[in-house]
Amino acid sequence: MELPGALQLGELAAAFASVPVFPLFDAAYFIVSVLYLKYEPGAVEMSRKSPFASWLCAMLHCFGSYILADLLLGESPIHYFSNNSSVILATAVWYLIFFCPMNLFYKCVSFLPVKLIFVAMKEVVRVRKIAAGVHHAHHQYHHGWFIMMATGWVKGSGVALMSNFEQLLRGVWRPETNEILHMSFPTKASLYGTVLFTLQQTHWLPVSEANLVFFFTMFMIVCKVFMTATHSHASPFAPVEGFICPVFFGSVSSGHTSHHNQHGHSHEASYQPPPPVKSKEELNEGTRKRKAKKAE
């Protein structure tokens, strides 16, 4: 009974991997991506003042992963924009979400049950893009493991890794939102997923690509749908990382504490703390006193 079950599972995975993503899954991907753009502060006002800048930001949200991957592989960063069907579909989604009368389209797609369906469909596209990125890099660099991982990672992370550049287009600069320093769950999951696909592509992971695509897609769908439904930002990897990271990379607090304890006394005698910086109110008070003395 185990062999027929395995055959049925393999056939299911193969059938799932052969399902085309255009236009339905791509449309869902664009809808969720542009929705997240509209959630950004000032995005609606920007769409009224500068529709072209808003459209550029929307295209980055939809095609940022392709731009980064092409840059990594030395190809034209605007190569994907030759796909007229995808660009027109993404443009139509952007226009409907931002400019549909009475916000009807936005209200429909942001309705939570409908949005959860689109979120699940977006994860299907994300995993396909990771697998395609690793496969594309393997075709050019057969033994370049890190190139495969980097290409698959940027294919799955999308505009998250370009968030600071996208913010500049919106006239916002928030360097503390650097995605590499503070990885969100999709970025981190894309990184772990591209490692698995790289191992599979180099025959170190004894599983077919169709099965890996199927199971990793199911994992991403379950996690993202649950996090979206519960409005949670907690990473499912946090418990494992909390156990492994201190073992391999040490504790941040303990390492820095011991370092300061060893060198703190030697610097204490020679180091003179700078005078406290005066606040704006104190500076204004001093200015008023000097003016009063001059008047006297």
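Every residue gets a Cβ built from N, Cα and C, even glycine.
Going by Swiss-Prot, these are the annotated features:
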type: BINDING; residues: GLY74; note: Ca(2+) binding site
type: COMPBIAS; residues: 278-287; note: compositional bias 'Basic and acidic residues'
type: REGION; residues: 256-296; note: region 'Disordered'
type: TOPO_DOM; residues: 1-19; note: topological domain 'Lumenal'
type: TOPO_DOM; residues: 38-51; note: topological domain 'Cytoplasmic'
type: TOPO_DOM; residues: 74-85; note: topological domain 'Lumenal'
type: TOPO_DOM; residues: 104-107; note: topological domain 'Cytoplasmic'
type: TOPO_DOM; residues: 127-144; note: topological domain 'Lumenal'
type: TOPO_DOM; residues: 163-183; note: topological domain 'Cytoplasmic'
type: TOPO_DOM; residues: 202-209; note: topological domain 'Lumenal'
type: TOPO_DOM; residues: 231-273; note: topological domain 'Cytoplasmic'
type: TRANSMEM; residues: 20-37; note: transmembrane segment
type: TRANSMEM; residues: 52-73; note: transmembrane segment
type: TRANSMEM; residues: 86-103; note: transmembrane segment
type: TRANSMEM; residues: 108-126; note: transmembrane segment
type: TRANSMEM; residues: 145-162; note: transmembrane segment
type: TRANSMEM; residues: 184-201; note: transmembrane segment
type: TRANSMEM; residues: 210-230; note: transmembrane segment
Packing count at the residue listed as 'Ca(2+) binding site' (other Cβ atoms within 10 Å of its Cβ): 7
Taken over the topological domain 'Cytoplasmic' (38-51), the model's mean pLDDT: 93
Leading contact stretch, 52-73, 86-103, 108-126, 145-162, 184-201 vs the transmembrane segment (210-230) - CB distance under 8 Å: 108-126
Closest-packing stretch to the transmembrane segment (108-126), where packing means Cβ pairs under 8 Å, from 20-37, 52-73, 145-162, 184-201: 20-37
Cβ contacts the transmembrane segment (52-73)/the transmembrane segment (184-201), at least three under 8 Å, sequence gap 6 or more: no
Residues in the topological domain 'Lumenal' (202-209) grouped by DSSP into helix, strand and remaining coil: 1 helix, 0 strand, 7 coil
Long-range environment of the topological domain 'Cytoplasmic' (104-107) - Cβ separation under 8 angstroms, sequence gap at least 6: 35, 38, 96-98
Tertiary contacts of the transmembrane segment (145-162), as residues 6+ beyond its ends and Cβ separation under 8 Å: 33, 60-61, 64-69, 72-73, 126-127, 129-134, 136-138, 179-180, 184, 186-187, 189-191, 193-195, 197-198, 201-202
Residues from the same chain, set at least six apart from the ends of the topological domain 'Lumenal' (202-209), whose C-beta lies under 8 A from its own: 10, 13, 17, 131, 138, 145, 148, 196
Helix, strand and coil totals (DSSP H, G, I; E, B; other) for the topological domain 'Cytoplasmic' (38-51): 10 helix, 0 strand, 4 coil
